[in-house]
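A.B. asks: This is the structure I have questions about; it appears just below.
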Amino acid sequence: MAPVTLKKLVKRYGSVDVVHGIDLEVKDREFIALVGPSGCGKSTTLRMIAGLEDISDGVIEIGGKPVNDLPPRARNISMVFQSYALYPHMTVRENMGFSLKIGKVPQAEIDQRVNEAAAILDLEKYMDRRPSQLSGGQRQRVAMGRAIVRKPEVFLFDEPLSNLDAKLRTQVRTEIKRLHAKVQATMIYVTHDQVEAMTLSDRIVIMRDGHIEQVGTPEEVFKRPATRFVAGFIGSPPMNLNEATVDGGRLVLKGGQSLPLPLEFRNKVVAGEKVVFGLRPDDIYPTGHGLSSGEATDVHELSLPVSITEPLGNETLVFITLGEKEWVSRMLNPRPLAAGETIKLSFDLSQAHLFSAETGKTLRS
Amino acid sequence: MDQNNAHRLKRRGLKVLHLVGLFLAMLVICLPGLWIVLNSLRPTVEIMAKPPVWIPQDISLDAYRAMFGGAGQGGIPVWEYFRNSLIISITSTIIALIIGMAGGYAFARYKFKGKSAVFLGFMLTRAVPGIALSLPLFMIFARLGIIDTHFSMILIYVALNVPFTIWLIDGFFRQVPKDLAEAAQIDGCTRWQAFWQVEFPLAGPGIASAGIFAFLTSWNEYALASQITRSVNSKTLPVGLLDYTSEFTIDWRGMCALAVVMIVPALTLTFIIQKHLVSGLTFGAVKG
């Protein structure tokens, strides 16, 4: 049973703070993803949890006990590195059994646990090979095997998929998810890829510049982003965001055009207020080519020229210019469109987001 | 078709040129060694003959027999010299390697104030010609009463080798990814265990080559040893060469024989250790 708690955690290099006193509670057996752009402090946070980085201030608790000054080996954790960090002078079997050998576990038990892990990860054929004789995906599995064998309370993953090619990444992603279901341990997963974070985790922590922007389930962070940053970061293609000014019942987009003020926000903004308007590509669609949600109550139609299209087979991304920005709309059951062709687009304003232009925080209460 | 022929001819011509070039280079490198071996086997008359005699006429092992024959038969205390050389070279190499590993690791892994200045300082010591130090060293050692001892020679060779071993070993530790030591620590190792279990075996080939260099430097060094050593107590093999010179003559054959005796162990050691110098051992540790 190992919940992980971070209390006012700070990391300082000289006079520069890279992690600014973050608070986080990871529940026992929860899969949590730390996600954010590079330099946001997510890896540093993970390394502090692992004990590889000193803590400048604050407390880290694993299983309810503070571990601030414990060395990594005393924290009962396992870590999978981005580089895999397999010991090149050892075979797969030795790599996986290394921690047990160091822990002076009897050889018979080492063999049994290593074989167990190998079976889970389908590595039996490669047990006597060296890491240099394995492919990237196999190395990744060995790294996971090495982590499993320890039977730790907490698994830490530091961007474990970023060295794999796209196809393998999806495959290993599924394996990690399966692994979590099987071993039932707390997992903390660092990634810069929001798709990985969305698909794998119970909850997502979005970090930026050493602060936590939002903590929530994948659905929460997708549907109700707390800040403009989260809105732009989560989702692919990203949410369309455009600065706008409230003018009576309308939003005047920076760059000229205007849209009606979404009903939901009627009483939450005042005239003249500067806001950021956001709408996901799924919620802008060539009329008749959207998700068939019969309940859409706040749809607005505009006729706009197509600037470019990106056909993806089952759908087409249609780019249009509105305000000062290029907006992306998603066309389901696509039909061929020519650049320059003017089409009718439906804007589902019931799905719109408004953020304060000043603070970036959502105006939805 | 003609063009193909022309290119084929050109490629063959270049290959022949390449081989001739390699042969000439190897000749320049190997000839002195061969000449030494050859001269140790033939009489001085033949060695000094003008024009030179390329094909030896009169081969014998007399020089070796005499060398090990002891005083009176033209011999020199070669066993004592050999022992001195061995004690001094091996001890100084081991010490230089220990310091080199500690220093090299520190330079490769840690950040500290004045790191690059200290590193540069180490390198600068290599710019000082050893012989320039011989007089001050002689005076200091004489005061301390450690002239003509193994200790003084070991001290000198450690000082001479340490900057080099640090520099070399630093480079090898840098090639061992930091992640590996961290992974080992998470796997339950102390910092110390992580070093010996993971980083040391991976930097092993580099440490071995640093060892070879340090050993050869000590084994072959002449200038300083000739000043500091006086008697069979501490004289090393290179200094022993001087035993073959007298006021009016130089026994070239004897000198060459001793040189061969010196070369053999050094060559053997290098061969033994070289087998373990498998480079690229770190490949496969990181990256996909």
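Quick reminder: no glycine exception, Cβ is built from N, Cα and C everywhere.
Computed from a predicted structure; not experimentally measured.
When I checked TrEMBL for this same protein, it listed these features:
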type	residues	note
DOMAIN	B:82-273	domain 'ABC transmembrane type-1'
TRANSMEM	B:16-38	transmembrane segment
TRANSMEM	B:86-107	transmembrane segment
TRANSMEM	B:119-142	transmembrane segment
TRANSMEM	B:154-173	transmembrane segment
TRANSMEM	B:194-216	transmembrane segment
TRANSMEM	B:252-273	transmembrane segment
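For the listed features, I'd like the structural context: burial, neighbours, distances.
C.D. replies: Within the same chain, residues 56, 256, 259-260, 263 sit at least 6 positions outside the transmembrane segment (B:16-38) and bring their C-beta atoms closer than 8 Å to a C-beta of that stretch.
A Cβ distance under 8 Å defines the sequence-distant neighbours of the transmembrane segment (B:86-107), meaning residues of its chain 6+ beyond its ends; these are 115, 119, 150, 153-154, 157-158, 161-162, 164-173, 195, 199-200, 207, 210-211, 214-215, 218-219, 234, 236, 265.
Under 8 Å from some Cβ of the transmembrane segment (B:154-173) lie the Cβ atoms of residues 88-89, 91-93, 95-97, 99-101, 103-105, 107-109, 119, 122-123, 125-126, 130, 137, 146, 199, 203, 205-207, 209-211, 213-214, 217-218, 221, 224, 228, all in the same chain and six or more residues away from its ends.
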A.B. asks: Going along the chain, which residues at least six beyond the ends of the transmembrane segment (B:194-216) come within the CB cut-off of under 8 Å?
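C.D. replies: Same-chain contacts beyond the flanks: 89-90, 92-93, 96-97, 100-101, 105, 157, 161, 164-165, 168-169, 171-173, 175-176, 180-181, 183-185, 266, 269-270, 273-274, 276-279, 281-282, 285.
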